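K.L.:
The structure follows.
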Amino acid sequence: MMNSAASNNMMSSASASGNNAQAPPGLKTYFKTPEGKYKLQYEKTHPAGLLHYAHGKTVTQVTLAHLKDKPMQAPSQSSSSLGVSSGVRSAAARLLGGGNGSRALSFVGGNGGSKPMSGNTTRIGSLGASSTSNMVGNPNFDGKGTYLVFNVGDAIFVSDLNSQDKDPIKSIHFSNSNPVCHAYDPDAKDGHDLLIGLNSGDVYSVSLRQQLQDVGKKLVAAQHYNKDGSVNNSRCTCVAWIPNGDGSFVVAHADGNMYIYEKNKDGSGDPSFPVIKDQTQFSVSHARYSKNPVARWHICQGSINGIAFSADGAYIATVGRDGYLRVFDYKNEQLICGGKSYYGALLCCAWSKDGKYILTGGEDDLVQVWSMEERKIVAWGEGHNSWVSGVAFDSYWSAPSSDGVSENVVYRFGSVGQDTQLLLWDLEMEELVVPVRRAPGGSPTFSTGSQSAHWDNACPVGTLQPAPSMRDVPKLSPLVAHRVHTEPLSGLIFTQESVLTVCREGHIKIWMRPGLPESQSSNSDSLSSTSLKEKHSISGKVAGSSYKQ
């Protein structure tokens, strides 16, 4: 187990404020890519004194949420929530704290909230538990701006990304169980836009805006699902809003089950699902009554470690303790394809914005690229020295020489691992060299000249494939490998302006893309009016659920 006290001390020395970002010995404040330097702009973390003794038993995940102007009648939110695995899907992610430069971030009030004038603390709580916060409640707080929601120990923290302050503006502590996963809905219609899953299996939906406005001692107006584990008492591993799902969401558990909920239905829970006869087989059961959850999907034997929806919500990918990626047609509840890792569990997955490719990472220290068209692995990347805990496509990056017309598309993606490294990769399918089939018993030097059998046909629909021989799949080498934290990493997010990395101890770094002037203004108003067509291009979660201890 990591020494959290030592971690906090090390990271406090690395805390950044504006352009004064500092790194501990051995860590640089930039990394180089062919297009230029990514510079450490600033950091976000949690107040060290607020950590519960249970800190370290959970891994930090992070979700980005962008709140637009509050309309006259009902709150309206838009988000970039990382998934996760997962996985974090919204153009609003480009607003990542307006990380264009600290000079543009120095205005009072950050995202429009009131800065505490006296510096005092307000007691805020959840479920009867006590909590502290650096934010004085403001009933007129409109919540406009970009926020970072992350869990550490027994608390959920909310940071204002348009502020230079590294400490959060609000913290909510849970007395009954630790929060372990969360997701934000870019299309929430009734104000409930934030999901929080707990180690106990309980799930809450709340309005993020209401939490920011509140000065009470409870999680405000929370809808409670799977209360006290009435439906499933195993740990929540992932939560995700269903794209275009009109308030529906999924909750994955450590026992291999995934449940579908509708937030406009009673949250009391319907435990009347039939007994699962074969734990190794995929099965779907629907609720007998009009209650939540409305359906149960039994995915696998063992924990579901990550889930991610394709941008249009048509497909959902899951990765699990059993080492398999599974891709389902969500509407038709049908297994489309999937396959096994080379070794151990898979911990994370992410979709490309166009839905053509899926990334996976896990305990084999590899990053795998899956093709939806071929329904198989088409490339694998070697570069990490430990488990891969987070993967994501960079949907805002384009090749420098790209004219937008060429059919040869280049995908940039990133991965982070427990080796504390961020790796960037370029995937250019037209340039991949497909290994050739070797003559039986012959020398690798003398091949038959034909492609490996792995490439003969697309895999049949509905089948799970064993891991192919490594020599049959093209190998990718990382474009960049950079040690970005002192602690094992749990996830990353790409935004239009930045790359965000987070370690399992709850420290977050924002790396500014090259070519952005440090004095460039970051105006949330103008950015928030940007089209949200890309809103599902980023994954909503950024942490796997299984890690080395």
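Each residue, glycine too, has its Cβ placed from N, Cα and C.
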K.L.:
TrEMBL tags one of 1-28, 197-224, 393-420 as region 'Disordered' - which one?
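P.N.:
In TrEMBL, the region 'Disordered' feature sits at 1-28.
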K.L.:
What is the number of residues in the repeat 'WD' (339-380) that are helix, strand and coil, as DSSP sees it?
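P.N.:
Counting residues by DSSP class gives 0 helix, 25 strand, 17 coil.
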K.L.:
Just to confirm my parser: what is the rounded mean pLDDT across the repeat 'WD' (339-380)?
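P.N.:
That stretch averages a pLDDT of 96.
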